[in-house]
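Chemist: Take a look at what TrEMBL says about it:
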type     : residues : note
COMPBIAS : 72-82    : compositional bias 'Basic and acidic residues'
DOMAIN   : 50-233   : domain 'Gram-positive pilin subunit D1 N-terminal'
DOMAIN   : 439-570  : domain 'SpaA-like prealbumin fold'
REGION   : 63-82    : region 'Disordered'
REGION   : 404-433  : region 'Disordered'
SIGNAL   : 1-33     : signal peptide
TRANSMEM : 598-618  : transmembrane segment
Amino acid sequence: MRLNKILLKRAVAAFAAACTLGTCCIAGSVAWAKDDATAEANTANINPDTAVSLSIHKYQGTQGITNSGGSEIKKPAEDNTLKDKKPVEGVEFTLYKVQKDGQDIDLSKSAGWKEISVINDKANPSDYLKKDDKDTTKGHVFTKTKLASGKTNAAGLVKFVKTASDPAVSGEVAAADLAQSLYLVEETDTDGAKIDGAHVTVTGRVDPFFVTLPLANSTTNTWIYDVHVYPKNDTTNQVPTKTASDPTRMDIVADSGENKTDGTRITWKIAIPLPSPAKGQAYDAIGFSDKLAKGLTFDKVQNVQLVKYTTDGKPVTTGTGNTEKLENTTTDTYYTVTPPPEGNKQVLTFDLTKTGTNNGLAKAYTFYSAAKKDGQIAKLEAEVVTKVGKDVTDVKNIANTWADNNKTGNKDNPCDPGTAHTEDTDPCKTAPSDTSYYGTLKVTKQDKDNNQPLDGAKFDVYEITGNTKKDAVKSVENSSGIYSFKGDKGAAITSTKVGSSLETKKKTEGTTTTHGTDSVKLFVRKQSDKNTTSKTYCIVETDAPAGYDLYTKPVCYDLVEDSATTANTANTQTVKDMKSTPMSKIVGALPMTGARGLVILTLCGIIGIAGTFFYIVLKRRKEQEQA
């Protein structure tokens with residue numbers, strides 16, 4: 001049902017019905033039909049001294065307005081159209097006074113009602129409003145003047161009155177020139193929409209609508225001076241997000257050469273739910289900016305696409321047309337990417353195009369319209385690929401997004417990931433972000449007898465995949481330089497070798513020199529992995545220092561990020577080697593084709609047999625000499 005039909009029909013009908021019946025319109029009064037069954041409120045009964053107000057009650061639900069006849073719904077929970085619906089906080093409405101020929105329309109007099117009787121309840125306000133001073137379109141006879149704007153409070157209420165109290169509590173907004181007249185209401189900003197304190201995306205806006213103050217109540221044949229309206233919006237709890245992928249490798253290395261892509265990379269996926277366009281039938285701007293964290297270098301943008309989701313955030317899998325890739329060609333450019341130039345503070349900008357036959361914004365609106373028709377959510381998704389530098393620690397990345405006036409972060413001054421955004425008034429505090437955490441795995445090699453540091457020990461590093469923790473790793477086996485890990489009762493534990501290895505050596509940092517240590521920085525977790533606090537790695541000694549036995553047990557870590565309070569203990573292990581003996585040298589020289597204990601047992605058996613044979617030979621020789 002059109003909004004002006006709900007809010008204006010009765011009031012305009014009061015005048016229209018009288019004129020249709022051939023009655024005379026006299027200044028200050030209207031002669032109404034005598035039939036009590038069809039009698040409407042009489043404009044002569046309007047008290048011109050009574051103050052007026054407009055209360056807008058914002059609720060979630062199918063786009064439109066609940067028809068309360070202008071009266072307040074005292075018990076929304078019991079109302080058939082509002083029960084099970086929740087109020088929407090943070091939506092801005094703007095109130096405009098409608099004028100004709102530059103003059104206010106005085107609805108305390110019948111002449112004012114005559115002026116607005118041209119309004120058809122099946123038309124849009126735009127059918128009657130001049131776009132500018134040069135607009136001569138037939139039927140465009142009214143202009144609008146802004147009175148005030150206000151956002152709904154936690155109860156979903158914004159109330160326009162002449163004098164306001166605390167808007168956060170009462171929802172009141174001052175409109176000093178509020179009088180008995182015709183008004184236009186527009187929903188002008190849904191960016192801060194919340195339900196139960198949580199941000200939501202408005203996917204269907206309320207159309208602009210006219211409302212008269214006062215409003216005729218045909219049931220009681222009186223006038224309502226405190227008018228209540230109940231616009232509703234389609235909403236979803238889906239909001240813009242930014243999610244980090246696992247890195248392409250767990251350690252941090254640069255590309256091995258020009259045009260190589262074997263270095264460490266993290267991909268950041270940005271998803272923007274498409275709201276209802278601010279201007280009705282087309283989007284004005286959709287995109288994002290990204291100020292890269294220290295240690296990240298922009299590589300490319302990939303996998304730009306429009307995707308349909310259910311209202312609870314699951315990808316739509318039934319039917320066709322659920323995904324539409326936006327791939328730039330020589331003839332069609334759907335998006336532009338402005339990479340961060342040198343000295344530009346690492347800012348990357350992405351925009352859907354506005355010009356051209358097949359532009360990105362047009363594609364987005366067509367896709368959004370199809371999704372909305374099926375009760376689905378449309379999202380724009382894009383992936384930003386970044387190279388990771390060796391000096392990174394906690395790599396945070398923030399997305400500043402915009403879809404018309406639905407914004408996160410700060411478009412003009414992109415959020416700095418290196419700054420703590422703690423103030424509630426800072427838009428960067430709630431901007432979509434994710435963080436990749438790294439920890440420094442350190443090993444110290446010592447002599448078992450005297451704890452002296454030992455240089456020259458080499459270790460391979462393995463990522464233990466899955467959810468296995470270090471205490472579950474019981475042993476390691478070597479098969480021609482390929483190590484595999486075992487748990488209780490020899491159960492296999494999956495693992496992946498990390499490209500970087502360790503070698504304990506002399507290190508000098510400033511005036512401090514150390515021996516017997518080495519370290520490697522490794523990926524730990526993402527902030528978006530809510531249940532992950534550490535990542536398990538194991539190292540195995542592949543070469544012992546000269547004169548020492550190889551340490552044959554796995555050395556494992558539940559690695560945490562360097563910023564964690566437990567990093568000093570959790571991320572450091574000490575491995576102690578024994579000096580080699582003649583026997584250990586023999587054992588160490590034997591092929592390691594199975595468990596080391598089996599090799600030792602075999603060697604002991606050989607020695608035992610040789611000893612027995614030697615004893616028998618000596619005994620027989622002695623017996624022969626005695627004979």
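Yeah, the Cβs are placed from backbone N, Cα and C, and that goes for glycine too.
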Chemist: So which residues does the compositional bias 'Basic and acidic residues' (72-82) touch in its own chain, when a touch means Cβ under 8 Å and the partner is 6 or more beyond its ends?
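Modeler: The answer is 55, 57, 59, 61, 66, 226, 228, 230.
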Chemist: Tally the residues of the region 'Disordered' (404-433) by DSSP class, grouping H, G and I as helix, E and B as strand, and everything else as coil.
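Modeler: Going through the region 'Disordered' (404-433) residue by residue, I get 3 helix, 3 strand, 24 coil.
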Chemist: Summarise the domain 'SpaA-like prealbumin fold' (439-570) by DSSP state, stating how many residues are helix, strand and coil.
Modeler: 10 helix, 73 strand, 49 coil
Chemist: Where DSSP helix means H, G or I and strand means E or B, what are the helix, strand and coil counts for the compositional bias 'Basic and acidic residues' (72-82)?
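Modeler: In the compositional bias 'Basic and acidic residues' (72-82), the DSSP-based counts are 3 helix, 0 strand, 8 coil.
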